[in-house]
Amino acid sequence: MNVVTGGAGAPAATADGRLIAGVDEAGRGPLAGPVVVAAVILDQDSPVAGINDSKRLTARRRETLADAIREQSLAWAIVQASPQEIDTHNIFQATLRAMRHAVESLTVAAGHVLVDGKHCPELPCSAEAIVGGDGLEPSIGAASILAKVERDRIMVELEEAWPGYGFARHKGYPTRDHMDALKRLGPTPEHRRSFAPVREALAAPPLPFAD
């Protein structure tokens, strides 16, 4: 797993003495690219205004907020689980593994973890899953923004490495353009071979380009 960390590293404990980390992921559904997980411990003395579910924000606003989150949070970590890890462990387990790795990589230890969704990884501290948590809990919203911004950046880079697939545009999701490119060009090493459309493309010869 690829890991990036940062943060101010000056804890300001919550009322009960615990630091709370929010965790969220980006990219479970796409056919290509990594799933990216972020964990964030916000500084209550330096709140980041405007945090919300990353899917509701414009790309420019997400990038601005991501910069503020990295600068103002007590600690943050971003972890990538590669397509190969996804194929080895399945997308669910790869995501949980990345979540655990992100929490364990924080430069300030969390005393409690809030995870967006229905499932929590096994962690050395208490944790709870919150459906729709990215719109309810600021720490999860911050993690959602970091994960989305990082994954979008990765997919833009993959567009340069693998032109013709439109990764920068659809971010690996199974759009019509992506499915057409997959049938025409075949899968790249960045495609998830455990996902049915990619398996089907592997089993079929690439289609010829139209004149």
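The backbone N, Cα and C atoms fix where each Cβ goes, and this holds for glycine too.
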Same divalent metal cation site per TrEMBL - residue from Asp116, Asp152, Asp177 joining Asp24, Glu25:
Asp116
Could you name the residues, excluding Asp24, Glu25, Asp116, of the same chain that surround the divalent metal cation site, i.e. Cβ within 8 Å of the Cβ centre of those residues, in sequence order?
Val23, Ala26, Val37, Ala38, Met99, Val115, Gly117, Gly133, Asp134, Ile140, Ala143, Ser144, Ala147
Does anything in the same chain, at least 6 positions from Glu25 (divalent metal cation binding site), have a Cβ under 8 Å from its Cβ, and if so what?
Val35, Val36, Val37, Ala38, Thr95, Ala98, Met99, Asp116, Ala147
Binding-site residues listed as Asp24, Asp116, least Cβ neighbours within 10 Å:
Asp116
